[in-house]
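Peer 1: Residues or ranges marked as [4Fe-4S] cluster binding site by TrEMBL: Cys144, Cys148, Cys151. Annotation source TrEMBL lists domain 'MTTase N-terminal' at 1-106. Annotation source TrEMBL lists domain 'Radical SAM core' at 130-364. The feature domain 'TRAM' is assigned by TrEMBL to 367-430.
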Amino acid sequence: MNFNDSEIVASILNTQGYGATRNVEEADLVLLNTCSIREKAEQTVRQRLTTFKKTKQQKPGFLVGVLGCMAERLKSKFLEEEKLVDLVVGPDAYRTLPALIEEAGTGQKAINVLLSREETYGDISPVRLDSNGVTAFVSIMRGCNNMCTFCVVPFTRGRERSRDPYSILAEATDLFERGYREVTLLGQNVDSYYFVDESKDETITFASLLERVAGISPLLRVRFSTSHPKDITDEVLHAMARHENICNYIHLPVQSGSTRVLQLMNRTYTREWYMKKVDRIREILPDCAISTDVITGFCTETEEDHQDTMSIMEYAKYDLAYMFAYSERPGTLAARRYQDDVPEDVKKRRLAEIVALHRGHSHESMQKEVGKTVKVLVEGTSKKSDEQLFGRTDQNKVAVFDKGDLQKGDYVMVKIDDCTAGTLIATVVGRC
Ligand code: SAH
Ligand code: SF4
């Protein structure tokens with residue numbers, strides 16, 4: 001999401017004559033787009049800021065700005081405590097960047113961290129940064145209304161709002177016409193996408209948005225992230241089943257396998273409810289890959305709760321999992337209500353246990369592909385060899401295969417011969 005926000009910022013700045021560079025020496029302005037989700041993310045930003053110290057001393061007029069969630073969370077404190085920062089701009093204030101840059105250029109500290117109930121940047125066409133020309137992100141909503149107790153997002157990104165579906169369709173169509181072959185629809189909670197088109201007296205839900213984007217062309221793959229287990233509907237699953245180009249992949253963060261902990265997290269589902277959701281996905285979409293996010297060591301988590309997380313992972317056998325030790329974030333409901341009482345070494349040990357368990361599941365999930373013939377969208381040259389290309393299967397698994405006369409953006413049928421922990425080794429068997 002931050003990556004896509006940076007593309008929106010690049011587009012706003014382009015209209016002011018700014019271009020992007022990979023070389024800091026060449027830059028007049030550096031903007032760091034930041035994440036506050038865990039303390040580690042914030043530490044990384046602070047370290048990064050110090051690397052610009054020298055350039056700042058050597059180059060008069062060189063400006064450094066902090067964007068995103070950390071800017072929103074720390075507000076003017078950032079300007080006071082970090083002498084290296086000239087601008088602080090929250091996620092809903094990017095349109096004011098040109099004026100803020102001008103202000104900062106005169107030596108004043110520039111800040112705008114106002115959150116908005118309406119801003120979606122819907123009319124801004126993002127400049128694709130670092131693009132492979134094949135896959136792109138499209139934001140469909142901003143903010144979050146969920147209030148999971150561990151999470152800082154509702155405070156840093158504000159209330160949930162959905163982007164006008166016509167601007168989403170226009171952006172995806174334009175990408176397709178420019179040769180892109182995959183869009184990922186982004187939101188903190190895509191299943192609660194909701195737009196009322198008053199002119200047509202029509203309500204557009206996520207399922208109907210998904211179908212409309214899929215309808216642009218059968219050659220345009222559609223992915224989405226993230227689904228909240230409480231909100232993903234059968235309509236979405238049926239839409240996925242109906243359209244071959246909506247990829248069989250769902251990111252369904254579980255966070256914990258213990259109903260008691262889930263309640264403390266305010267996730268609003270129980271262990272059993274989540275398991276039924278997994279069953280439902282497998283029933284309607286037998287080939288669907290499922291990934292997840294897990295937090296270990298949330299406040300009051302016992303060994304028994306931890307075992308519940310292990311057993312739900314065993315049940316779901318995730319294809320991919322992002323696993324984290326709980327990191328208390330100031331201002332969140334958990335920070336205010338509960339004590340961060342699981343010792344760091346226990347959090348880390350539990351994390352290591354779930355990582356090890358998942359490694360086995362991920363290996364099984366890769367092994368299951370061996371022998372199959374599947375369709376892959378070619379995305380670029382393999383990291384290991386110029387003679388090989390890589391692409392992704394419908395289920396988001398990376399496959400590598402010989403280049404032949406294939407191009408980025410082609411669809412190709414490959415037979416999976418073997419696999420490593422993260423890659424399928426394949427042979428091209430035909431064009432699509
Ligand atoms: N909107 C998405 C999550 C966005 S944050 C959703 O609801 O699934 C991505 C992940 O970071 C979360 O799913 C959670 O697993 C993790 N996370 C969020 N806050 C955290 C915290 N305080 N400590 C550790 N992990 C956290
Ligand atoms: Fe955070 Fe929960 Fe919203 Fe996801 S759904 S962004 S975890 S509050």
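Just so you know, glycine gets a Cβ as well, placed from its N, Cα and C.
Caution: TrEMBL annotation is automatic and unverified by curators.
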Peer 1: Summarise the domain 'TRAM' (367-430) by DSSP state, stating how many residues are helix, strand and coil.
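Peer 2: Final tally across the stretch: 1 helix, 37 strand, 26 coil.
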Peer 1: Neighbours of the [4Fe-4S] cluster site Cys144, Cys148, Cys151: Cβ within 8 Å of the Cβ centroid, same chain, sequence order.
Peer 2: Asn146, Met147, Phe150, Val152, Val153, Pro154, Gln188
Peer 1: Take the Cβ of Cys151 ([4Fe-4S] cluster binding site) and count every other Cβ within 10 Å, whichever protein chain it belongs to.
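Peer 2: Excluding its own Cβ, the number within 10 Å is 22.
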Peer 1: Count the residues of the domain 'MTTase N-terminal' (1-106) that DSSP assigns to helix (H, G, I), to strand (E, B) and to coil, and report the three numbers in that order.
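Peer 2: For the domain 'MTTase N-terminal' (1-106), the helix, strand and coil counts are 57 helix, 15 strand, 34 coil.
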Peer 1: Counting across all protein chains shown, how many other Cβ atoms sit within 10 Å of the Cβ of Cys144 ([4Fe-4S] cluster binding site)?
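Peer 2: I get 22 for this one.
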Peer 1: Run through the Cβ atoms and count how many others sit within 10 Å of the one on Cys148 ([4Fe-4S] cluster binding site).
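Peer 2: Its Cβ shell of radius 10 Å holds 21 other Cβ atoms.
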